[in-house]
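A.B. asks: Below is one structure. I have some questions about it.
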């Protein structure tokens, strides 16, 4: 099996990096993205590592850049993204970057502070302008109110606002007032509070400000209203001011005479004009600063986060006692060792160091990470497999087979020619525009997820077209491409049909045994005549049910066969002789035999003998019961009873074959090894004497948690494990075969939903023969298209997708795929280059 079908061969290597070259070497390795660093300081606190100060400086620069980015986005300035991949700055360049970011941050903060103060002043002047504009009307109304209060007829009603001695003298009444501005939504509550606290002894007038005013702190526009409150006495004045303060109303001085108000308004307008000019200049300066930053901020982000990633990686390394060398351990693919060596040489040259960096391969029994190379086409399918579990190192990778089997099984459930075309067109659109979509960096998580599976959707659509043609199903209707192979005419000429037969029967059955009625199989797929047959569902159910069983058993047998390649590669002959062979015999003797029976029945019985065809279900049940009644179900072939009894006995013998032999042989081997004293020690291979290379290797003691240390053999545990595996496999063969019937069930459900949608929606519009019907068809078709996309494409498509996922994860992969590995996570700048800064 080639590398396509297995994970890459990995090796553990030791890097010796000179202190002055370590930064540049790690930078080159990050650009290459082919090595995974191991933490050699697991017991050291992150705040006590050597490069923690550099990491903090990078985080501080990152914070400043995020502040600048926030200001840029707030100003709606587009951030330029040229796709440039800047080189990592040298450590000495960090000071210049820090100074630059500090300058930009301080400048923006100063501008924001000044702008906020100016806007607050501008808001106050604007509110004062509206107060002066509205007060004349308020004062006129107050004067009228005052005259009414002085009227003897109204004297008793207004007594609460008049002092007793003034009432006696009839002296003129002087009212105090306050004017201000308040948020419009607070006016009703404000008015009720004034009325209750002041007991109705105040006169409130308010008017809305037509244009919303900008809040200097938040930048939001707020609707406000001008108010003026008339009262008498200092006690009411204090109450009114406290209420205004509680409602966060802004109070402003307002002259009493019209002349003074006019002069003040003139001065306010002049100050507003001057302030507006200063505000415009401040905003222009802020825009220039932000636009200049927007051109470079993406590059700055990449530089800073590359530096941070490098220093974080350097913190994983050990430092020798001389402080002149950093020691790192990395997992890397064997095929990429040359490119890694070249990257180290390049990094050493960039740093100006004269001492080369050294890469030394190490021998270890630790389990390496699993690394499957993918491209943009296979990446989605590999993600489907990895979602179940990361493959064990070097075991068979299901992804290459999933590329075909997953969309095919999806299409078996989804098969519809029309729906397949719609799905394919959507996928083709995403594939053709993938460069533009990738450059736009969509933040919509749902669309990003769909886009990442564009090639999966493309194949699902293409296979749906294929299965739709086989089912001859296009939006629940059949396509009569080649003409039906069935003919009615021979039923009149050679059969016993007459005109009276047609008139007297609502349903008639064509007899394929009569020559000429059935002209042979349809060239491709199902004959379109079945679309109008009353027994269409009976025929399709039988066909799809048997097809589901056949596909399921073939799929599972293929999975069991793949386990053979794992056993051969890992040199486990016991698993072949006492695992693979009995498993394949068990499944083939029972369910493989069922597939043979299905094909045999299809070929052995024709139109003349189909009435005598026995039931496969009854035969299969009788096979397990060893029951063969002479009356009822006839035998399919001669010698059937003996063959079926033989197959059952063989299948039953496979159970102890799988259950007992392997644990007993392992126990015998263990006792023999124990007797000879040839057990392995530790996790590192030990020979007669360490070579020079081995002596260097044994110095490191940071063993991974994934190491496969030799353990004491426990016969009981082995026996229990083998019993669980045997029971799971034997019962799984039955349950998994039944599970594949979901192919039939979902295909039936999809076809029926499609037919219901056609009958209940589009059929109505097509049967109205008038101008109104033509106009109505436009809206009916819109509803039909919407329901087709929402229900049949999205909901049914998602359902079929999940069921296909289940069939691969459980029914297929559990035959050969353990999925207990851990993923290869190389140190790479790729996610930084793509703008995924938060990862």
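These residue numbers are counts, starting from 1, taken along the chain as shown.
Positions of Cβ are set from backbone N, Cα and C atoms, glycine also.
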A.B. asks: Can residue 186 and residue 574 be said to be on one side of the membrane, going by the domain names in Swiss-Prot?
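C.D. replies: Swiss-Prot topology: residue 186, residue 574 on one side of the membrane.
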A.B. asks: Could you check which of 627-646, 647-666, 667-686 is flagged in Swiss-Prot as transmembrane segment?
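C.D. replies: That would be 647-666, per the transmembrane segment entry in Swiss-Prot.
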A.B. asks: Under Swiss-Prot, which of the candidate ranges 523-542, 543-562, 603-622 is annotated transmembrane segment?
C.D. replies: 543-562
A.B. asks: Please report the distance from the Cα of residue 371 (phosphotyrosine) to the Cα of residue 257 (phosphothreonine), rounded to the nearest angstrom.
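C.D. replies: Answer for this pair: 86 Å between alpha carbons.
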A.B. asks: Take the transmembrane segment (396-414) and find every residue of the same chain, 6 or more past its ends, with a Cβ under 8 Å from one of its Cβ atoms.
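C.D. replies: For the transmembrane segment (396-414), the sequence-distant neighbours (Cβ-Cβ under 8 Å, at least 6 residues beyond its ends) are 1, 4-7, 372, 374, 378, 381-382, 384-385, 420, 456, 459-460, 462-464, 466-468, 547-548, 551, 555, 558, 562-563, 565-566, 742-743, 746-747, 750, 796-797, 800-801, 803-805, 807-808, 812-813, 816-817.
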A.B. asks: Can you tell me which of 417-433, 449-478, 727-751, 773-811 gets the most C-beta pairs within less than 8 Å of the transmembrane segment (543-562)?
C.D. replies: 727-751
A.B. asks: Residues of the same chain, at least six outside the transmembrane segment (581-601), with any C-beta under 8 angstroms of its C-beta?
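C.D. replies: Sequence-distant neighbours of the transmembrane segment (581-601): 546, 549-550, 553-554, 556-557, 560-561, 563, 613, 616, 619-620, 636-637, 644, 647-648, 650-651, 654-655, 657-658, 729-730, 733, 737, 815.
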A.B. asks: What is the Cβ neighbour count of residue 257 (phosphothreonine) at a 10 Å cut-off, with all protein chains included?
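C.D. replies: Its Cβ shell of radius 10 Å holds 9 other Cβ atoms.
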A.B. asks: Six or more residues out from either end of the topological domain 'Vacuolar' (752-772), which same-chain residues have a Cβ under 8 Å from its Cβ atoms?
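C.D. replies: For the topological domain 'Vacuolar' (752-772), the far contacts come to 416, 419, 473, 475-477, 780-781, 783-784, 787-788, 791-792, 796.
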A.B. asks: Specify the secondary structure state of residue 367 (phosphothreonine) as given by DSSP, simplified to three classes.
C.D. replies: coil
A.B. asks: Counting only residues 6+ away from its ends, which parts of the chain sit with a Cβ under 8 Å from the topological domain 'Cytoplasmic' (563-580)?
C.D. replies: 1, 5-6, 394-396, 657-658, 661-662, 665-666, 815-816
A.B. asks: Here the modified residues are 367, 371; which one has the lowest number of other Cβ atoms no more than 10 Å from its Cβ?
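C.D. replies: Fewest other Cβ atoms within 10 Å, among the modified residues 367, 371, is found for 367.
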A.B. asks: Same chain only, please: residues at least 6 beyond the ends of the topological domain 'Cytoplasmic' (434-448) with a C-beta under 8 Å from a C-beta of the stretch. Say none if there are none.
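C.D. replies: Result: 81, 83, 376, 454, 834-835.
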